[in-house]
Every structure is written in C-alpha cells, then in structure tokens.
Amino acid sequence: NNYCKIKCRSGIHTLCKFGISTKPNCGKNVVKASGLTKAEKLEILKQHNEFRQKVARGLETRGKPGPQPPAKSMNTLVWNDELAQIAQVWAGQCDYGHDVCRNTAKYSVGQNIAENGSTAASFASVSNMVQMWADEVKNYQYGSTKNKLIEVGHYTQMVWAKTKEIGCGSIKYIENGWHRHYLVCNYGPAGNIGNEPIYERK
C-alpha cells in the first residue's frame, strides 16, 4: 500500500506495518468493542472544539499559574476519516503507547493516547478520557520553557492553534479481568513542534 512510501525518521508507518484493516489484533484478550460509535466521534469533536474555544477566549482559569491567555486565532477542528483509520489500526493492536509513524501525504500527524482500566464491569467513556488530556492545563505555564511534555503534552496538542483535523480510534477489551478502554486520537497538522508557541496570544 502507499503508506509504505511515507517515511518517518522514527520508523515504519503503522498502516505499512499492520495493513489497512481495522480488525483488532489483541491476542488472547476479549474484545468487547472495536471502533468509535457515531455518537462518540461527535462527542470527541465537540469536546475538543468547546475546550479550544474556552482557552482561545481566555476563559480557562487553571494553570501554573492560571489563567491561560486568550488566543489571536484557533482553528475549529474537523473530523478526518484517514486520521481515524490510522488511529483505529493502531488502537486495534492493544499495545499501549505511541506508534512510530502515522503521517499522511498531506501533513505530519500528532497523537494523544489514553488508557483506562477498571475491575468494575464497565468501560470509561471517551469524554472522561479526553477530559484527562484537557485537565493537564493545570500544569501549564504559557510562554515558559520549563513546561514538561510528559505533564502537559496532551493539553498542548488539544489546543494547538494550527491543527485543523482530528481522527480517533478506540478499543474496549478485557485483559485478565480488567476492563480496558484504549483511545487514540491523531491530529493534523501535528502540534508540539519544537519551540513554537501553542497559539499566539491576543
């Protein structure tokens, strides 16, 4: 497939390595749900855009210190099925972590991941998992060089002003009695680029 032609310094493209099928590849784990429902997709998109607007308007009071400054401009994200397919193929490997290459012919692609495990017979909702990313704003100091990506990187990708598109994948499975929900969201163009600001302040 053409994804084998997309080169990343870090390794082979996810869809070159695993193919384009979104069928789960989870070994002995019992898969309960693979892929997002239409409602979950809409929820993820709505949650991202509402949060981006909140930050852009200067209404986010949290931070280190808060509040976060308003933004000069912030793209409204739209759903992209290609980004979602790449995310779904990766989520379907049931292997928590970032894949090494997920770019498209159009742009480099950023990624947020979350996993929730519970011994209760239920799975965490996508909105709870996206909220965990947004909540990292409490550790973020705008304009500082001391922010650590490990503490704020999900937040900064969520509100990266120049990102235009998002596509996500999800798998819910049972592993040794644990109900695990693994969510992967891909973003294009990628955020968290070098020393670029997450957005220009107003």
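Backbone N, Cα and C define each Cβ position, glycine as well.
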Cys94, Cys101, Cys168 - which one Swiss-Prot pairs with Cys8 by disulfide:
Cys101
Helix, strand or coil at Cys8 (disulfide bond) [DSSP, three-state]:
strand
I need the nearest neighbour of Cys4 (disulfide bond) among the disulfide-bonded residues Cys26, Cys94, Cys101, Cys168, Cys185, using C-alpha distances.
Cys101
When distances run from the Cα of Cys16 (disulfide bond) to each of the disulfide-bonded residues Cys8, Cys26, Cys168, the nearest one:
Cys8
Does DSSP put Cys101 (disulfide bond) in a helix, in a strand, or in coil?
coil
